[in-house]
């Protein structure tokens, strides 16, 4: 049956109309980009054509063949942006009306724009001549002595059709930006706004590089459609927004820039990251929006963690069955931190070791220990835990990890019901292997020579051993030195300082700072080898 495309749809969209839902035809699809999957369409209203970018959340429709060359689609949600002085439509939502149809009409670019397009950008063979029908062609009729074929062109900066006249000064569009889903964000949009809840807020961090000192913090957002994205602020922008952002609050955010997410630090399922700038706006929404969840999880059963990749980030939920005391650990950078180990189990019949680091030990860790010691076995949800494959699989906390004790979610309720109905007496197999049967990690014995020969303690991960040795020598001459206690990043300086001044207080000569010193002492121990130990 005949299909009537929306008349002048291309011209209307180019003029800024985003409220109509035009019926158009896809006359070409091209995969662009090497690192990220992006699709470019050539849309037609039977008379004119226009290039369009497909939002990434719609890529599946192309991969599965629901949208192809010749498809008749209705644009449900879209925007029209200017990219490198060319107008382009960004399709945010669409509906396929007819999956495949012969090309309708004789679509071409607006009069007078084709020569410029051919000058500004070479032909990239966006569209091959149709082999389905010889009655339809995509270009203006060619001379009789030349074969007719469609020569695809890239449209330059938008030229209004003849019936659209430009008169008077250009007025700036001051209308509020339209709220769009987080999943629809992309760098091709000129103006956008998102409404989302803050689910996590990072600490304020300071750094020093070749450009000088700086500070940075980031926070994570979640919207009503389940889209998540990280927002990062630097330097002066930190001063504007750090005290404004609160976890759990809903904000309207606009005028930020989008850049590719740094997956080494960003675990969210979004290829983009928002960077707020001096002109960015962050407005608190005073009315509670019940459509936006407070948190979103993607829980993995413990049995699946066994096959997870090392250093991968995932969510896990389980019953806390044991909690060890918090112990101090000396990191490779010389800084001391706290570590606490607990065990989780779930209905999959497996258990896993969870290692808490730093502040997690004294906050959530202490509360969990008190609950378990009193006979309670709480449900613990871990968001963004890091997989470790040292001696089996375990989970560890990182700076962006969040812990939720007895969370209000269906998974926690189901786990609690299973535990109370007999799950507490169900044996579970640990996927975190012990180094010695019935023993803990630090009960494996090594001689000092073995420690040296096996290179223990030289990797990024700690090696836990027990060494029995005798003190055979204590150095008495220059057995210690006065050390600088200043912090350089996350470690102590520890350089030697000299004494000067009437009060003989030590100071760093190149800084001129005066302070009380700390000290270190060297001891010698002998087993089947010898080693000096710092205390």
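Glycine is treated like the rest: Cβ placed from N, Cα and C.
Just so you know, TrEMBL annotations are computer predictions that nobody has curated.
Per TrEMBL, the features are as follows:
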type     : residues : note
DOMAIN   : 5-97     : domain 'Replication factor-A protein 1 N-terminal'
REGION   : 108-150  : region 'Disordered'
COMPBIAS : 120-138  : compositional bias 'Polar residues'
DOMAIN   : 194-274  : domain 'OB'
DOMAIN   : 302-406  : domain 'Replication protein A OB'
DOMAIN   : 464-502  : domain 'Replication factor A C-terminal'
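Assigned with DSSP, the residues of the domain 'Replication factor-A protein 1 N-terminal' (5-97) fall into helix, strand and coil as follows: 14 helix, 48 strand, 31 coil. Secondary structure by DSSP for the domain 'OB' (194-274): 6 helix, 43 strand, 32 coil. Mapped onto DSSP helix, strand and coil, the domain 'Replication protein A OB' (302-406) counts 18 helix, 51 strand, 36 coil.
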